[in-house]
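Each remark here refers to the structure printed beneath this line.
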Amino acid sequence: MTDLFENYGRLPFSLTKGQGVYLYDDKGNKYLDFTSGIGVMNLGYTFEKGKNAVKVQLDSLPHLSNLYQNPLQEEVAAKLSQNHKYKAFFCNSGTEANEAALKLTRLIKAGHKILAFTDGFHGRTFGAMSATMQEKIQAGFAPLLPDFVATPYNDVAALQQVVENEKIGAIIFEIVQGEGGVLPIRADFVQALKSCQQNGILLIVDEVQTGIGRTGNLFSFEHFGFEPDIFTVAKALANGLPTGAMLAKNHYAHYFSAGKHGSTFGGNPLAMACANQVLTAMDNEFLENITDKGNFFLNLLTKKLSVKSTVKRIRGLGLMIGIQLADEKKVPEVLALLRENGLLALSAGHDVIRLLPPLVMTKEELQKGAELLEKLL
């Protein structure tokens, strides 16, 4: 008997403690965490600078209305702004950040349509869900918001065709489709998107799962040398505290005039105190180390698993890796086996084991995970 909606399909065990890159259940079992709370705990469960900053803030001022100046918001916005090229709006989650991006887009590109890609994921609130081109997410909620158009991801010809035939004002996309199967964007597709931007179409990059160091840069779009008009972050921004942000180029800021959008808890002092410490930790040395560990882990998995008949493909960017299985029906079985042997992982798409380890995981711990995967697959 539960008093909760059963919309999550929760597993039948309770996790009660986290330390470093490990989680512990109520029976004392220890798990190496390759989920990071679905990409949230990038700095692990013992990020002392973040925890201490929150404790200090809790004692001084736990909440502040957005009617007043908030110096912590200014500090975090400056660190997100790519050398002051963007203005920030703070909210509480990824879907809220994407809602803000879509609302801003409607103001900038009134009368235009928004293009999104098959198997992308942008959230479950109505605007974000309308941009999430997955039938399982949208089923039962029609009518969705109008003027959203879908086309296949990484298909240059399809992109060019829809842009020619529809009045597209903006394109929302992920650099690596996370929920869709850990599918990285192709370089030629990025070039096609850049051409769209040069022709006046806004590019909105959803960095909710890929951002805050996950791929080896602070933001994944930095791998491809372009600047989106709008981008969104959340998940790992405050390492466990709910927060999100939508950032738009400075010259679009006037569209969000007073009263156009808002959030009671967005940019609250507790979340900002932790986010400030998270972003301080994301220095060049730390990010280079993620790239090194990501290459190490991907090469190790490829060496150990590519020879197995159960594995179809291994792909990823940084410490965001997907193992595509030959038989999609085996995904729940593999996840259960990993769990029974002390490793927590995720699914993605319909046939992918998704690995999102904390960015502070050592090479030795990554190797331990790879060896367990080799054994069980």
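Here the Cβ of each residue, glycine as well, is placed from N, Cα and C on the backbone.
A TrEMBL annotation is a machine prediction, not a hand-curated record.
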Out of F121, F226, F286, which does TrEMBL tie to the same pyridoxal 5'-phosphate site as G94, T95, D206, E207, V208, Q209, T264?
F121
So the record assigns G94, T95, F121, D206, E207, V208, Q209, T264 to pyridoxal 5'-phosphate. If I measure every Cα pair among those residues, what is the longest distance in angstrom, as a whole number?
25
Taking each of F121, R124, T264 in turn, which of these binding-site residues have a Cα lying within 10 angstroms of the Cα of K235 (N6-(pyridoxal phosphate)lysine)?
none
Intrachain C-beta neighbours of T264 (pyridoxal 5'-phosphate binding site), sequence separation six or more, cut-off 8 angstroms:
S65, N66
Within a 10 Å radius of its Cβ, which of these binding-site residues (T95, S263) has the fewest neighbouring Cβ atoms?
S263
